[in-house]
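Per TrEMBL, the features are as follows:
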BINDING   R211, 235-236, 249-253, 266-273, N287  FAD binding site
DOMAIN    5-192  domain 'Electron transfer flavoprotein alpha/beta-subunit N-terminal'
Amino acid sequence: MAQGVMVVAELFNGSFKKVSLEALSKGKALADSLGESLVAVVMGAAVSEPAKELAKYGADLIVVAQDADLEGYRPCQQHNVLVDIINDKAPRMVLFGATRQGKELSANVSATLDVGLAQECLDLFIEDQKLVAKRTLFGGKIIATVDIEGDTQLATIRPNVFEITEATGAGVVEECAVNLGTVNVTLIEEKVEVSSKIELTEADYIVSGGRAMDGPDFSILENLAATLGGAVGASRNAVDAGWRPQTDQVGQTGKVVSPKLYIACGISGAMQHIAGMSTSDVIVAINNDPDALIFKTSDYSIVDDLFDVVPAITEEIKKLA
């Protein structure tokens with residue numbers, strides 16, 4: 001009989017991705033509500049030592065799969081090894097971060113095991129001893145409650161939806177035998193884009209622009225973000241206008257962020273955008289419309305022209321450096 005909650009944790013450059021820690025925190029809450037254990041899975045070339053960190057996020061058992069062929073992007077190898085681990089441990093549910101790797105791996109495992117999968121979940125809860133998910137459909141226009149079929153239920157969670165909470169687990173590390181199985185994909189070449197740009201979902205400080213930017217020149221926002229050591233985001237209107245790439249979009253149909261400081265510049269405050277940043281620690285809104293909806297969400301409101309205010313803020317922050 002399937003029992004327990006399993007979380008597949010991703011390492012990147014020696015550190016666990018934030019969304020993996022969020023998944024562990026949610027997994028711990030689900031496991032506690034069921035009175036069952038939390039199992040973490042870590043795959044890679046040399047992961048035994050960093051894997052121990054997961055005990056402080058509630059992992060009772062940490063299954064480590066170590067092999068050079070599991071490092072980085074290795075979809076076939078990681079799929080084969082993870083399927084073996086799931087078959088061995090028989091968890092009630094398996095959670096992944098909704099990263100590119102997590103979404104691909106979960107889909108492949110779902111197909112192999114013939115079990116249900118809910119992608120990009122905004123919430124997870126237990127109903128009649130089964131995992132139930134909430135996720136958006138039709139471009140974020142509706143939020144659906146989804147029953148997940150199968151003895152083992154799979155789900156990926158959107159970054160910055162769940163809080164990271166520490167909870168002591170037994171943290172027993174178990175190194176499993178690695179059987180890479182049949183590999184139908186050969187990695188010919190790997191090109192890693194080197195960029196100093198901070199990933200939006202990982203940034204502590206975000207400066208976002210909306211329709212009032214009135215064009216693709218976001219340089220004043222980029223200067224402020226660089227001064228803060230943060231990242232630049234955008235509203236859906238700005239992205240749809242072609243001013244910023246879709247990867248910069250904050251909102252229900254873009255990225256959900258939860259930085260220490262979120263500065264909304266010329267953003268009206270549509271519900272779709274608010275859903276993607278409302279959990280930020282501090283929200284500052286700059287808009288020349290005193291009736292802008294964004295002011296109902298912001299902690300600090302500045303009714304003025306963003307093209308005057310943003311450069312002034314940037315200069316004042318530079319004086320403090």
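Placed from the backbone N, Cα and C atoms, the Cβ positions cover glycine too.
TrEMBL entries are annotated by machine, without manual review.
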Across all chains shown, how many C-beta atoms besides its own are within 10 angstroms of the C-beta of Q252 (FAD binding site)?
22
Three-state secondary structure of Q252 (FAD binding site) from DSSP?
coil
Where R211 (FAD binding site) sits in the secondary structure, as DSSP reduces it to three classes:
helix
Over the domain 'Electron transfer flavoprotein alpha/beta-subunit N-terminal' (5-192), what is the model's mean pLDDT?
92
